[in-house]
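Take a look at the structure below.
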Amino acid sequence: MARRKEATPAPAVPAGDRAAKPVRRGGGPGMGIGMAEKSKDFSGSARRLLGRLAPYRLTLGTILVLTIASVTLNVLGPKVLGQAVDKIFAGSVGALLPHGQSKAAVVAALRAHGENTRADMLAGMDVVPGVGINFDTVGRILLTVLALYVCAGVFQVIQARLLNNVVQRSMNTLRKDVEAKINKVPLSYLDGQPRGELLSRVTNDIDNIGQSMQQTLSQLLVNGLTVIGVIVMMFTISWWLTMVAMVAIPVVMVVTGQVMKRSQKLFVAQWGHTGRLNGQIEETFTGHDLVKVFGREREVEAEFDTTNEALADVSWRAQFVSGLVMPIMMFVGNLQYVVVCVLGGLQVANGSMSLGNVTAFVQYSRQFTQPLTQLASMVNLMQSGVASAERVFEVLDAPEQEPEGDAKLPPTRGAVEFDDVGFGYAPDTPLIQELSLRVEPGQTVAIVGPTGAGKTTLVNLLMRFYELDSGRILVDGVDIRTVPRGDLRSRIGMVLQDAWLFHGTIRENIAYGQLNATEDQIRAAARATFVDRFVHSLPEGYDTVIDEEGSGVSAGERQLITIARAFLADPAMLILDEATSSVDTRTEVMLQEAMAALRSDRTSFVIAHRLSTIRDADTILVMEDGRIVEQGDHSELLAAGGAYYRLYMSQFEGAMTEADPNALAPAP
Amino acid sequence: MLLKLVRKRLAPYGRLLLGLVVLQLINVGANLYLPTLNADIIDNGVSKGNTGYIWDTGGLMLGVTLVQAIGSIGAAFLGAKIAMSFGRDTRASIFRAVGRFSGREMGQFGAPSLITRSTNDVQQVQLLVLMGCTLMVTAPFMMVGGVIMALRQDAGLSWLVLLAVVVLGVSVGLIVRLMVPAFRLVQRRIDRVNRVMREHLSGVRVIRAFTREGYEQSRFDIATDDLTDVQLRVGRLMMLMFPLVFTVMNVSTIGVWWFGAHQVADGHIEIGSLSAYMTYLIQILMSVMMATFMFMMIPRASVAAERITDVVTTEASVRPPEHPVTPDRLRGIVELRRASMQYPGADEPVLRDVGLRAEPGQTVAIIGSTGSGKSTLLSLIARFFDTTSGAVLVDGVDVKELDPQQLWGHIGIVPQKAYLFSGTVASNLRYGNPDATESDLWEALEVAQARDFVQRMDGGLEAAITQGGTNVSGGQRQRLCIARALVARPRIYLFDDSFSALDLATDQRLRAALAPHVRESTVFIVAQRVSTIRTADSIIVLDDGVVVGQGTHDELLAECPEYQEIVASQHGADEEVA
Ligand SMILES: Nc1ncnc2c1ncn2[C@@H]1O[C@H](COP(=O)(O)OP(=O)(O)O)[C@@H](O)[C@H]1O
Ligand SMILES: Nc1ncnc2c1ncn2[C@@H]1O[C@H](COP(=O)(O)OP(=O)(O)O)[C@@H](O)[C@H]1O
Ligand SMILES: [Mg+2]
Ligand SMILES: [Mg+2]
């Protein structure tokens, strides 16, 4: 029937997969992550998650003690309250009986009238005929109960608060660990995956782990303890009935085991889809204008809808399958109840157990299945949390950059040597081969060549953004692989081809080059790099908040800010990678002066297409296809009449002639 | 806000909701019936040792349980379906709302916040809906049932029940109230965590180059710690709820026994009805406790709903007119009439009284210093922003009267910041024209001077491109962006400084190849190099948002001092202008 059909989740996962497929265009390097929809190691991840709580052992111990205390008080409460109820009951009965008679006499009188049941009842009560409810005693007992409950409540508050602290703090360190990890992975790892996917792990997944931990941990404790307590109580009454009642435990295990097996994959898929969706959203919002102007909205929406649908589908399956535990458990609980009643009834009938004991037992067995059901239904929350944890651990386990060396760089002179360097972004496609180069301290080296020649790659290697495949790079005679990356990079100021600003004021963005710079230094750097000029026209000046997307300033202005940053850093060596490509030429000419000052006495690498900016470089390298094809100063290279000559002449070749790739420019 | 959002988004699921209510009613009915059977088994079965009776009633009980199980399985089925559909629809509505936004609204919310709103915030409301589906029906019914039954006992203790309910209501309400502002902070700080991490990912090269990993870590730590701080604060409030409810429950049972005992002693009620009263009281309070579960979710969900509604109800500042003019096809005559533009929050306009006219086949070049408003001018033509005064006309029609979709369908843009989407070379090239054939793609690549390197890429057209295009060089990225615009075959081309990362030779070849390709279109080129634009039909010199010169290269060279300066800046003193 319908239930069976829906409850069979076997087709669920393939369906989710199918839905997700069109979303992945091609086989980008993004494949590495978030694709696996199978839980890798549920119990391992769960253990690891719990392991992260180890630093809070003491607090967790306190929580355990408090929970035991409050559970005990809560179990004790009804018992004590029962005494009060007995007293009230006895009092109300006693008040109706004739004054002055003894209880035995009343019982005997009743028996004489053949009212055996009432007689039995009376005999078992603490009645004094003619005496009503003793409010003193009742009051005292009730006050005790009140004290018990209030104490239990206070314990609960403290316990919950402590637990909240533990969970939130451990989520805090988890987030920090991910951030720290991002500083350790190679760039290729970060390039290779959608940003939004990673972001989802930090926000959505960690949020989910926190929420599910918070709910499961305390419930686990309370219900677990209650189950144990109740089992103990049941044993004191009848061990063999207890054994019968405990049959429920393996049933619970089988049921939850079955459900878990199915829902687990679904939860893993749910969070995987959430990440993927977040990735799509992030990318679409980032390229918002492009989506619109290229009329892509419909496709983008369709793509979004597919993932969104897949997410909704897998989420409801996960929810539904794990939601089956509760009703099934209730059924099992009731079944157990009936069985216990039947067996208990038989016991009463053949007189081997007292009625009171059987009823007490029956009551307990009810109390026993209820927390058990709770425990079983915690499983889905746990699974969801662990599925998220797994995704976070996946990031934490990503391979890291090669370890750092610990050699020291000598005090800077700025000699750089590339020694037979080989490198490729992909292992089997070498880009740079057998490249050797010597730069004397204080020299300015210009790198020119067509785009894609490997200019940026070359300086990236010097920055040790990537590891060499062969050869080595020496700075002042020291192999850069043997020194800590930070030491190397802090010597080099770099203006990258892609200007990057973060959400903050212009002042903060400039000060990024040197965190403890004074206001004067910041202004000086800003003036030298013409940032000051446009900042003046902004209503809020240096306090203008700009953001990563770059709204607020123009692209050229962004570049100027990044130059100001490097200017402020005042590094020992300098790399300018097409630093002024978006800046107009008049500003650029004026900037030259500042740049020349910045370069003097520092080893500098300058990549530029406007050759006028690099004419006075000490050495000009012409790169093509990852090789240095020419090397020399401006006049030497012009005289040589080779690649540089052609490049140089091409800038005066104004007329739009029909292009002939083989003859770049007219012969001299 | 929350209620409105939920009601609106749940409207299409009325039938399912109805089914859910029915199933839940069965569930509640069974729940109310089962205790009676329980007691019956003990009273008439167990205590009398009547196994036959136990079997019979037990069988009935199992039957009821079975019905209940089916009911609750059905309810779980529908509840999950409704909640997840709700989530899906809400996400889709946010996504579409953001799709309509213009640059202004994007800037106002910020992409990181919009991203959190689309996933995390939706999740909060979805969770509440899911909860609501299981409790919204059960809790009130159990409560109402309990209250009626309790009142029927008329134990003279109604005031006590009332008091307990009021105390609970007031204190839970108070806690909820306190939690709302705290959760507003929580969501805002999640935004911040998101933003800081996103910046770290996009700026990772700069961060490493400046060895600012430590600084970034501390920036992130602050963001995280701030988040944890409010979460702890809000947690402290939330954690009060359950103990509070439990204690009130327990205290009121004690109260019932105490006052009840007096009533019994005074002969007002029987001891039996006091016991019954007790049972119902517990039931009422249980339902209150269930409702508390919901109340715990409400603050965060209502904050999330508020944030979602903000996005969904924000009107895009650039929006399609109600009655758009829809010319059959646009030819691509672009005209600016005294167009001025001022960014929100800025003191002064960035463009003032700009006038120009361009026809198909013409190339208009725009040159000027950094920040003079060149990109802004192009974004007016593309209608990313609207003019604050004056007008932009295409084919004589004010762009505000055109359907933006139609306008955009005729525009191909190469933005200043070359951006590629993750996927393949082909998927990026086909971005504006999904039907382009492979030879179209190669042709565009040829023109964009990108054929060679694409051929050499691993997989050619199917080579992978990472988000933003980080796995190709800057110049290659620019050329792919150019090719992407070419594949779309628009009537109007907007090249925003699209040749800046190209070496001169490539730049030249590209322009040479481009000329015949765009012969039928109107072309706008923003450039820095005079060599790039000297053959343009018209060159516009912008300075500080004002057109200071307009004409051909030679005209400007003769009479426009700004232009002369620009030209001079590009040729050393010793070089003649060719
Ligand atoms: N992150 C990357 N992953 C893979 N390939 C890359 C990456 N960055 C650049 N490349 C490739 O390496 C070559 C050299 O690029 P680059 O050094 O950026 O050139 P340029 O000389 O223009 O600065 C290009 O063919 C480019 O496609
Ligand atoms: N989104 C924005 N919000 C506020 N001001 C902006 C925004 N974008 C650009 N500006 C300002 O407008 C001016 C012109 O920018 P833009 O048109 O990008 O110049 P460019 O001529 O360099 O392309 C700049 O001074 C910049 O500070
Ligand atoms: Mg480069
Ligand atoms: Mg610009």
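The backbone N, Cα and C atoms fix where each Cβ goes, glycine too.
Of all ranges given (A:220-237, A:238-255, A:328-345), TrEMBL attaches the label transmembrane segment to A:220-237. Of all ranges given (A:1-34, A:171-204), TrEMBL attaches the label region 'Disordered' to A:1-34.
Of the candidate ranges A:56-76, A:119-139, TrEMBL annotates residues A:56-76 with the feature transmembrane segment. Counting same-chain residues at least six beyond the ends of the transmembrane segment (A:141-163), those with a Cβ under 8 angstroms from any Cβ of the stretch are 59, 62-63, 66-67, 69-70, 73-74, 76-77, 80-81, 83-84, 87, 214, 217-218. When pLDDT is averaged over the domain 'ABC transporter' (A:416-650), the result is 87.
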